[in-house]
Each structure stands twice: as C-alpha cells, then as structure tokens.
Amino acid sequence: MNANETATGKRATAILRSRPFLTVAIVIAVWIGASFASPGFGAYGHLRYLIELAAVIGLVAAGQTFVVIAGGIDLSVAAIVTVSAVGLPMLSWQADPTGLTAILAVLAMTTAIGLVNGLGVALLRVHPMIMTLAMATFLQGLLIIIAGGSAVTAENLLVKWLGNARPAGIPAGILLWLAISAIMLVAMHATSFGARVFALGANPLAASLSGVPVSATTMAVYGISGFTSGLAGVLVLGMNGQGYVGIGDPYLLASIAAVVLGGTSILGGLGTYAGSIPGAILLVTITALITVVNASAGWRSILFGSLILGLLLLSGRESARR
Amino acid sequence: MTSTAPLLAARGVSKAFFGNPVLREVSIALLPGRVHALLGENGAGKSTLINLLSGALPPDGGTIEVDGRPVSRMTPAGARQAGIAVVQQELSLTASLSIAENIGLGAYPHRFGLIDYGELAARAKAACDLVGLYEPLSTPVGRLSLGRRQMVEIAKALYRNPRVLILDEPTSSLSATETKILTDLLEKLRGQGIAILYISHRLNEVMTLCQHVTVLKDGICTADRSLEGTDAAGLVRLMVGRDPGDLFPQWQSSPSVTPAVAVRNLSAGLMHDVDLDIRTGEVLGIGGLVGQGQEDLLLGLYGAIPARIASATVNGVSGLPGGVPKANALGLAYVPADRKREGLHLIHSIVTNLMLPGFARLPALKPRSRRAEREAAGRLAAQFGIKGDLGRAAQALSGGNQQKVALAKWMPHDPLVLLLNDPTRGVDVETKREIYHMLRNFAAAGKAVVLLSSDTPELVHLCDRVAVIREGRIVAMLERGGLSEEAIVSAAMGADRQKVAA
Amino acid sequence: AANCIKGDRKAPYTIGWANIYSVPTWMKQTQGTIEAEVETLKKQGLVDKLVVTDAQGDANVQIQQIQSMIDSDVDAIILIAGSSTAPARVLADACAKGIAIINFDSLVDTDKVTAKVNTDSSQWGDQAAKFLIDAIGGKGKILILNGPAGVSVSDDRRKGADAELKAHPDVKILAETNTPYNVAPAQEAVTSLLFANPEIDGILSLGGALSAGAVLALDKQGREQVPITGENARQFLELWKEKGLKSWATMQPNWLGAFATYVAVQALEGKDVPAFVKIPLPVIDNSNIDQYLARAADFPADGYIYSPYDQALFEKLLAGK
Amino acid sequence: MTSTSAQQAGALYWPVQGRRNMGVRGLFVVVLAFLVAYGVLFPGLFTASGFAKFTQSWFPLALVAMAQALLMLTGGISLAIGAMVSLGAVIAATTMAGPLGVAGGTAAVSLAGLGIGAMTGFIVVRLRLPAIVVTLAGSFIIGGAALLILPRPGGAIPDWLSNLLAGNTPAAFALLVVIIVLWKLYLATPLGLSLYAAGENPVGAYRSGVPVDGARIAAYAISGLLSTGAGLFVAAQTGSGDPIIGAAFTLNSIAAAVLGGIGFLGGQGTMRGALAGSLLLSLMISVMFFLGFTPVAQYVAQGLIIIGAVAIPQLRKGQQ
Ligand SMILES: Nc1ncnc2c1ncn2[C@@H]1O[C@H](COP(=O)(O)OP(=O)(O)OP(=O)(O)O)[C@@H](O)[C@H]1O
Ligand SMILES: Nc1ncnc2c1ncn2[C@@H]1O[C@H](COP(=O)(O)OP(=O)(O)OP(=O)(O)O)[C@@H](O)[C@H]1O
Ligand SMILES: [Mg+2]
Ligand SMILES: [Mg+2]
C-alpha cells in the first residue's frame, strides 16, 4: 500500500520532470503571457490556428524524430514536402472523385524516396547528412522539371477537406496529426520495432551484435520520414489550396528544432515524439509572437533567438553521455 | 618499516550517487614498497574509491591525504603532479590517437609550447618496453584489440613515472603470459619503493603479488589487514562473508560426436584456413596470447564479419549464417568482450538492455508489455546477481555487473551454441562461480559453448577441449586429459610447435 | 559604344545567363522568355549558344560561376544578382574583358556593367502606398508585408513607400513583417497579425505571393477583405476577381530576361545602349484585370501573368521612349 | 643527440600522419581527379590570375569547413557559422572605410569572432546545453545583429585591401597555407591534441589530466574567429558587406566536414579531410560549368558526386 503510493509518487515526479512535460508547460506559459500582452493572441481561434500550423511541422517532425533517435538526420524533408505538394495535383486523375488514389500514390512515392535514403545510409554506408543532402539536391533538379509546367491547383476533394474541414470544430489537419501522433508514439514506445530504433541509435555496433536487423531498421526509419513528410506536403497543399516550389523550405530547420526542443538527443538513442509535439507547437508560437511584435527585422530575429535560448535554459540540460 | 608515512591515503571518505551511498567512511593507506590489494564484489565501490584517490571525483565527506597532508580539492591534474598514476578499469584512451599520443595524453613533454615528439617517442617507447608492447608507436589505438589497449593503458600510467600506481583490474583481459610480465614488473616497481594499489578479481594474482589487503563490502570497509597467513578461500570469506565453495564445478565430460558447428577452411579477419568442429555437449575453450585472431574466429562464425569457407554446417543447416539475425535464428549467441562498445547500450535502462535480443527477434510490430519486460528482467537479474535499480541506465552499473547484463540478455532465447568472448572479464568470484555452473549445465543439456578466455585456469578447469590460437591458426587442440596451464601457455608461445605437428 | 564593349567580339555570340536560383516559378518563366529570345537570335545568326548557371541561392557561388563564364570567355553575361553588392568586383573583371553585361531584376551597385534593366522598385513602393492610402481614405490602420530583410529589392520597395506614409500621419502602421516571397509564410504571419489586431483597414503588400497569402488569411478567418496592393501573381489576380477586391497591382515582367538578352546582343553589335533602361511599371487595376485573367490559362497556376511583349516594345524601350 | 631525437620525432610523426591519411585516401583521389579535370577543361587555371581566382573562390569555404570540423572533432557542432560569416562581413564593411581603418576593423572582426565563439562555447560546455539548439538560437541572434549593423547590402572595403586579398594575387592561397601551418602548430600543443581526446572520450581525457572544458571552449572561440575571418575575406572579395551573404555557409561547412570524414560523435577525422571536402564542393561547381551542364544536370550530378565521393571508398573498404 505504502510502497505503491511511493511508486505512484515517483512516477508522477518523473513525468513532471520529463522534457515533454516541461515543454508543454513552457508552451502554456508563453500562451498565457502573450495573451496578457495582446488579447487577440490568446483567442481560441488563434491558438487553434497555431496548432493547425504546428500540425505540419509535427508531421515532418514525426519522421525526423524516428530518424534522429536512430542516430541519423534527414535533410531531405523540405524537398520531400515540396515534391509531395507540387506533385500531387498532377496526379489528380478523373477516375477517383475522392482523390484518395492520388494521395496514396504520392505517399507511396515519398515513402520510396525515404527508402532510397535509407538504402544509401544502410548499404552504401553514406553518412545520413550527406545522403539526405544529396537527395534534397536531386529533388531540386526534379522540381525544375515538374514545377511550373501544368496547373498545380489542388482539385482533389480529400486534400481540400484535409486543409479546410473542421469536423466537430477541430481542423481536419489537427485530427490527422493526432492520429499520426498516436500511431507514431505506439510504434516508437510500444513495439519491438521502436525498441530496435532506440538500440540502433544508442550503439549501432552493440545493436547489430544483438541481432537487430540494422539495414532493415535504418531503411524503415527513413521510409517513415519520407511518408510523414509526404503527408505534411498533402496537408500543406490542402491548407494553401495550391502547391508551389519552396513550399516545404521552412520545414527542414523547423522539424529539427522541434525534435531537439522536445528533448530528443541529436546524437541518437534517447528521446520521444511526445516531446517533438509540444516542440512543434512551441516553435510556431514563438514565430507568431515575434510576428506581432512591431520591431525591425534585426530585432525580431534577435528576439526569436533569445527566446529559444531562454526556454532552452529552462528545460534543456543534456545529461552526460559515454 | 611500518612507521613510514603513507604516500597516499583516504581517511573516512564517503560518496553517494543520486542519494545512493556507494562508500561509507572508508579509509585506506598506501605505503611505499607495498602492493596493496583492494577486493570486493562487483559494485562494492572499488573503482569509486580510486576515483576519489585520484581526484576524478570529489568525496562527499572525509579527506584525501598526500604524504600525510590533507589535500583540499584533489583533481586529476593535481594527482599527476603528486605522482599518482591510475590504470582505469574503463580505459581512458582515445581511439583516433596513436599509441604514443595516448600514452602522453595530459602529460606531453613540450618545447616552445609544442609537443616534443622526439621526447614523447623516447619516453613512450620506454614505457611500452616495460609492458612488452611492441606495436609501432604510431598505431591508432582504435585498431588494437581490447587486451592490447589494456597494455597501452598500463604503459600510460608507467610513462608518468609514478610514486603511487593504482591499477583497476589491469589484467581483466590479459592472458597468462601478459599477466606474468605485469606481475614481474610490479614486483620490480615495488622494490623501487613505489606504492601500488591493485584491484583484481583473480585471487591467485592477488595471493602471489600483494602484501596487504583492504576489503570492501557494499561500500563499507570490512577488512584492512596483512595478507600473510591468508589463503584464497580466506579472501573470499572476507569478501562475501561466508565460506566459499569450490570455484569450479565438478563435471563429467559428455560431448556427443555430432558437431553443432563444423567448418572447413574458414578465413575471417586475422584467421585463415581453420578447420573446427564444435560438438554438442561440450565447452570448447579458445586460448592463446591476446590479439592472435581469436575474436575474429567467433565473429566469423557469428556472421558478424565476412568469412570465406570451403564448407560449413551450423545446427544442421549448411553454410555459415549470413548476418547476425540469421545466426540468432540458427541458435547462435555471442557475448562480446568489450562490453562498453559492443555489448551494451549504456544510455539505456538495464531492462531494455536485457530485453534487446528479444526485440531484435520478435515480429517488428509486436506490442511490448513493460510489465512482462520488468518481470523477465527481474528474474534474470536475480539469477545473475545483477545489483541495482533495473530502471536505471546501464552506465551506472559497476563494470562487473555490466558484464553480467551482457551475458544474461541471451538467456531467455535458449541458444544452442554460446560464443563467449571473455565472459568473466571483471566479474567477481561469486558470480564467476555461478557463470561456470551455468556454462557446464548448459553443456550438460546438450548444447555447445565456445569459451574464448584470457583466464587460463578457466580454460583448464572448465573445458572439454582447448584450441590454442597463434597468428591466425589453431596451433594446438588440447584434450581434457592433456590440459594444464603450462600446456596452454607453451602452445600459445609456440614452444611445442614440433610436438603438435608430430 | 556601350559601356564594357570593345568591339572585338563577332557574332554569333555565346551568352551566359547567370541565374541566382532556377527553381522558383518566376525564374522558370523568366528563363522561358530568355530561351525564346535566344531562339529568335539564333535564327538571325547573332547567337550560337546559351550557357546557364544556377547558383542555388548562394551569392558566393554566383561569383564563382561568373568567374567561370569569364574564364570560358562568353561574349555576354545576363545576370540576376544574389546580392546587390557581392558581384561588383567580378563584374568589373568581366567588363574589363569586353564582355557585355546586362543586369536585370536584382541589380548590383556598380557602374561596371553595360546596362541595367529594371522597373523602379522605389516607384513601386511609392505607387502602392499612394493607392492604398487613397483607398482607405487617407487614414486608418494598416499592415505592411515585405519580402526578406537584408535584400535591396525589398528594402527599396519599402523605402519607396516611406514618403507617402510620412505625408499621411493618420495612417497608422500596426505591424510590419518580412517573409520570403511565398504564400504560406505570408498567410501564417497575417493570420497572427489579424488576431492580434482586431481592426485593420488596409494591407500594403510589396509582393504578389504575399498579397495572396494575406487574402487567404482574411478569408479563412471569415473577415471582410480590405484594400490591398499586390503583384501579377496568377493566384492573387484570381483571388482578386473571385473576392471582388479593392486592389492594385504591378509587376516585374518576366520578359525582362528576354529583353536583357536582346540588349546584350544589340550592345555587342555596336549599338549604343543606355546605362539604365527603366521599364515603366505596368499597372493592373479593375480596368484591365480581365484582360490579364483572360490569358491566365497560358501561365502556371503558381506563376505570374506578365504583360505581352514583342520586338517593337523592345526597340521602343531601348530607344528610351 | 639532437639528430637522434629529431630522427625519433620523424619516426613517430610521419607514420602518425600516414595513418591519418588512410581514412581520406579515397576522397583525395576523387579531389585529384576533379583537379585534373578542371586543369584540362580550363588550362587558364595554371596562370597566376587563374590560380588566384580559383583559390579565392575556395578560400572562405575552406575556412568555414575548418571552423566546423574543429567543433565536430570535440563532439560539438554549429548552425551559426553562416550568421557569423555575415556578421564578420558587415563589421568589416562598416568599420574599415571609417575611422577605425583596416587594422581597427580587423581587430573588431577578430574580437567579435573570438568573443561570440567563446561565449557560445561557454554556454554549451558549462551550462551543458545541446550545441545544435544553442547555435540554432545563436544563428538568429547573430544574424539579427548583422541586420542591425547593416540593414541592407552596402558599406565598403578599401580598394587596396580588396586588391591585395582578392585581386590577381595568390594572397588567399598564402593565407590558407599560413592558417594550415598555424593549425598544425595548434595541434602540436597539448591543448590541440586534447581536442581529439575531449571529443571522443571526455571522461577518460579528464581523468588523464586533460583540461577538457578548456579545450572545448577554445575550439568554439577559434571556430568563431575562423568564421568571422571568412566573412572579412568575403567582404574584401566583394568590396562591400551584405548582412545575409553567409547563409549558405552553414550547411556547406557541415557538408564539407562530413564529406571529409569528420564524424558527429567527436574525435573522428582530420582537418585535411575537411579541407579536401570543401575543395571538392568548390571544384565541383566550376567543373560542372566547364562540362556545360544544364541546371537540372547540375543538381543531379552534384547529388551523385557527393554520394559517390563517400560511398565508393566505403564500398572498396567493405570488399577488403
Ligand atoms: N556515475 C555513477 N552514477 C551512478 N551510480 C554509480 C556511478 N558510478 C558508480 N555507481 C554505482 O556505485 C557502485 C559502486 O561502483 P564501482 O564502480 O565503484 O564498483 P566496483 O567495486 O569497482 O565494481 P567492479 O568490480 O564491478 O568494477 C555501483 O553500484 C555503481 O552502480
Ligand atoms: N617532423 C616533425 N617532427 C615532430 N613534430 C612535428 C613534425 N612536423 C610537425 N610536427 C608537429 O606535430 C603536430 C601533429 O599534428 P598533425 O600534423 O598530426 O596534425 P594533423 O591532425 O595530422 O593535421 P590534419 O588535421 O591537417 O590532418 C603537428 O601539428 C606539427 O606541428
Ligand atoms: Mg570497478
Ligand atoms: Mg589532424
């Protein structure tokens, strides 16, 4: 009885001290502070909009979190988002009025791009940074060919629905994010696959000697990253009504920042997507905050950096490794 | 004699990690010209004590004294100036630097502010000669086997011409031959009036080398006395607080004729053209000087490094496994020697470490049950005597306990062939006994064990046969009847080449 | 002869097109006009080759590529600069080699070029401000949307608006933002600004994609559209019509590329070309927007509907009329 | 006595160097092939001015690659390299033509680099915050400062300095040689070699008496100096300042370092590798130009080249 109580107490303090929780607390504190300064900022509609924006970053960060935990990094996510958002309208063929087939086709393509990344990292032993940077470069070349050619307005019902519908008052994008988050968290923390990813990132040599299928796991995480980036591209297309070259650009740094702000170690092996979720929300919140501040571009940039640094000081101690 | 002041001493020092006391009011005094043994089970606090003595950690209470004077804040640099050198249990080497640069690290000779490579080469060479390290000084340490790295670590301590030399399990991955070199050397240094603190789980070494012993149990000093008139059993009694049984189990040889693994003309890494049969029901020892290719033999069989063969069968399937997952599926399991780099995920909890081979083999999307994992890990921990909170990161475990985790994690999978690379490295005597029993029971149950060991008595008392390896070849296959430490050592040295050939 | 021209180069010429970044749609359209012009000039035997580089947005790489063009001895370089200062020195080297240099769109602060061809960014800002202030009746609260900070073009457009804004102290600037010239970031910024500022009377936007983003932001929040300035981005023009906006737009015509190519060849042929060819800002308003939208299908959905051009226009511009 | 000691030094020093070359041999071959290709495609490379221009376009990338490699050797990283380059450029362009003059301007640039670098190092090392986020935040702060100093491209560098550093002189190459020699000297000091130890086995290094924190903070300071120095050179090369000129250097510095075999975990790789990586990135641009690649082909080839430069040596290693 007594022992049970202390165990619960221990778990409670562990949760209270955890990075994801701290990040959530910081987000809420920033929201409260900002709505005192500018009442409109804290309006329900605005916060909902911020979360909708965070959904895109959050989707990209889902794959990125997997990759980073596995000890890699994916620099091709921005290009994949763009390829998805620009490529999808070209696939909207008449036969399927819902548009689902086109979405599935695009997601299959972006997942395949991710798998190629994984192939390069696992089999060619190319450093993830180099492999994914090169992939991003390839995709830029591809974009010169495909972009601007035909109309790229989204005539896809499902895409439009995703970008604009609000079932039960909640934007469909947020619902999509919630669903993907649940799947990702389960895959990460409640399956053997997730455990393999952590093992791979913490010590690839030991993981391999313990029988972890290293190549397959590596390919899978990059495949997931391609998939979630592709999904983010679909969502962002729906929200904007139109895809354009460069639409994915903001999501590279944002996804990495969300992952590390959420407490995942960039060295791999430690972390959780549960941190990247508030990390993404924190990021859009700070961006919105500096947007409404009336100051010169230089000062706004300084303010942005200082906020990140300040929040990091509150939450970001790294424990020693090795 | 006894009135000489201690060169280095700890007076009533205490230390706790995250509120868990590890040392409680421990005192120890190192006298010149004396080899002082520090004994205790895994996790007793030995390494922590020497970290306090060498300034790597500050004590929570108590004082450290050098030449009888308390030092207010000891640091590693200060310790070096005071003539204290440490051979760390977890090696302090940098893989990308050369042997010489590692030996000099933190104490480079310099001229005009630059490292004096001439002086460094000369002094590093002298230190290497003392321990019998003959590799070119420019070799990056990362290319050396664990045993050779251990020698570099020792040379690094000697390079500093210490007055006080602290050795934390220096022989844990050395074979009998290298150990002999080291004990002779320590004997000589003692004669020169150096104070030596010696930690080892190999009690016969302690018996031959040391004059005085301090015993730690759960962070408390339980004995501080002369070794005179004590035998190995007495030492164990001091450590565990009860009468020890025999270290090695009694057993009947019961190998079958059916080989679990049979390879012809295997070449992998340093090994070339090896023919080997591993029979079910036997413990097959692998011996030899360190770094002769023994490890590559195991890794080649395990599918972890590329291997060429003329033919092979593994548990009835022909061909060698093409990769570790396949090897696991065929019932092979491998326990590496370098637990930090190859065996464990130090930043992950002990539970996850213990469960990892399971995660690797179960279907990828199979749901995990944390409770079942905790229970399974708890059972393994109890079986192997792994101490500590299983939810904590493996890096918080003492060296010996880490080794137990690396071995224990395979047990739930009931492997048919265990490939063990120095599995008792750094393991305390009680646990060794348990491991030995387990290995023999394992063999008795009709499975096969390959035991690569640097601990020669282990090979003699535990194995049905011992393959001795030199320069990438099996130079002798000693059967149980002909097993002795001398036979193994001489085969390893190449003394009886003729005899084997005949 | 024109600046930099030594008269020792003979047709057919090799033209180097030093692009800063070829991926955006505006650039792709511009490249299209250049290629069409080159085809025409090839037929006339004046040009035999077009060499294209893409600096991938990096001004330092662009310098290196211009250097390579000099090294391979092209006859003319047409250039959109990645920085208004950085290429100055390498251009001086090119000029000294007698290479015709026509700089358009993003200009370099140097006179060591044959000619610069551009609309007037400052005038752009001025006219936009005039329209907006007029449209909101000389007073009210406005937002200013501008392109990236630290870039001359956006800075010039913004500075151009200053005089008008100062002259109307009743026009209150609620906030200014800098975003890339893209729809999504502008939409995000304006959404937050709308929440923070319940009353907004007008939006001074200095880029077409920015305007589209702003209109979408207003629309998504169900707010009434306000007077807004813009550019000839197809998406914006379509929104204008669809939402019945009170609006005004101008453009940076893509045919600047074709024109620059034309000017380069003219200069090489010994024609005297002015050091600065100022392209009058075409204005789109309610009177002519339908003409633009009628041609919309010929342009990419995320592209720009530029005004028509032909040889006669080029000759007229070059003659300074 | 001295001669035997020198002999011994050589006997240790040169084999050590040789071993370090092994990891980057494949890259060296690729770079050499590109150099040869460049020479064949553009014989003007072997004239004084051709060589000068070629080294000038490589030089700033070489500096930032060194700046990044230095940090990565200690297990750190910086996403603020590009902003530091911009800051160096705007400080140079706003001070040198003014009362401070070239000497004062150079001092200001150096102090800014060392100071900001050391401060970053302090935050990362002493406050134990993850380098990647600290420097990400730093990139916004430093970039903002550059915008405050020079809100739009402008400023000026005295002509003579531009001509000296980036005219038809091999000054850039000479500077690079000096910097490499200084680096070698730094590596030959105990603090320098400690970089590797502090990066790879910080606990062991600390226990060996290495000033681990000091070595890491010093690395950040030097890295800052190299970055703002690259900014100064860019300003001289272009004759003016631009507050966003450095943006692309962040990713390129990392790419060059990783291409050159520098690992993320610290202690892996050599500076010569990073320099070769940066040279490849720079050479690639010119060689593709002279091969007449279209932009699409440039993108595709660029991707293939950087993958190939890493993968081919790896595959050969795997086969052995
Ligand atoms: N950095 C640390 N953080 C937390 N706990 C630690 C740390 N270092 C050691 N411990 C704990 O302190 C205890 C003593 O460890 P120590 O390494 O001193 O044991 P040891 O006697 O050297 O054992 P072994 O024979 O296995 O080397 C162990 O229980 C260990 O888990
Ligand atoms: N002949 C020599 N004898 C002794 N010492 C030398 C000799 N030549 C150079 N040294 C010093 O020894 C140091 C060792 O560093 P080293 O040359 O290994 O740098 P490095 O890391 O290999 O270079 P890089 O990183 O560029 O590959 C050098 O910095 C140098 O100053
Ligand atoms: Mg220990
Ligand atoms: Mg080096």
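A Cβ is built for glycine as well, from the same backbone N, Cα and C atoms used for every other residue.
Heads up, TrEMBL stuff is auto-annotated, nobody curated it.
Summarising the annotation, TrEMBL assigns transmembrane segment to D:22-46 (among others). Sequence-remote contacts of a segment are chain residues at least 6 beyond its ends whose Cβ falls under 8 Å from one of its Cβ atoms, and for the transmembrane segment (D:22-46) they are 54, 259-261, 269-270, 272-273, 276-277, 279-280, 283-284, 286-287, 290-291, 308-309, 312-314, 316.
What TrEMBL lists as transmembrane segment is D:58-91 (among others).
If you look up TrEMBL, you'll see D:103-125 (among others) marked as transmembrane segment. Within its own chain, the transmembrane segment (D:103-125) has Cβ neighbours under 8 Å at 76, 78, 80, 84, 87-88, 91-92, 95-96, 131, 134-135, 138, 142, 213, 216-229, 231-232, counting only residues six or more beyond its boundaries.
Look at TrEMBL and you will find D:132-151 (among others) tagged as transmembrane segment.
Residues 51-52, 55-56, 58-59, 62-63, 66, 70, 73-74, 164-165, 205, 210-212, 214-215, 218-219, 222, 226, 233, 267, 271, 275 of the same chain sit 6 or more residues outside the transmembrane segment (D:171-196) yet have a Cβ under 8 Å from a Cβ within it. Under the heading transmembrane segment, TrEMBL lists D:171-196 (among others).
Under the heading transmembrane segment, TrEMBL lists D:217-238 (among others).
What TrEMBL records for D:244-266 (among others) is transmembrane segment.
The annotation transmembrane segment is assigned in TrEMBL to D:273-293 (among others).
Residues 77-80, 82-84, 86-87, 89-91, 93-94, 116, 120, 123-124, 241-244, 250 of the same chain, all 6+ positions outside the transmembrane segment (D:132-151), place their C-beta atoms under 8 angstroms from a C-beta of that stretch.
Sequence-distant contacts of the transmembrane segment (D:217-238), counting only residues of its own chain at least 6 positions beyond either end whose CB sits under 8 Å from a CB of the stretch, comprise 56, 59-60, 63-64, 66-68, 70-71, 73-74, 76, 78, 80-81, 84-93, 96, 105-106, 109-110, 112-118, 120-122, 124-126, 155, 157, 161-162, 164-166, 172, 175, 179, 186, 191, 195, 245-246, 249.
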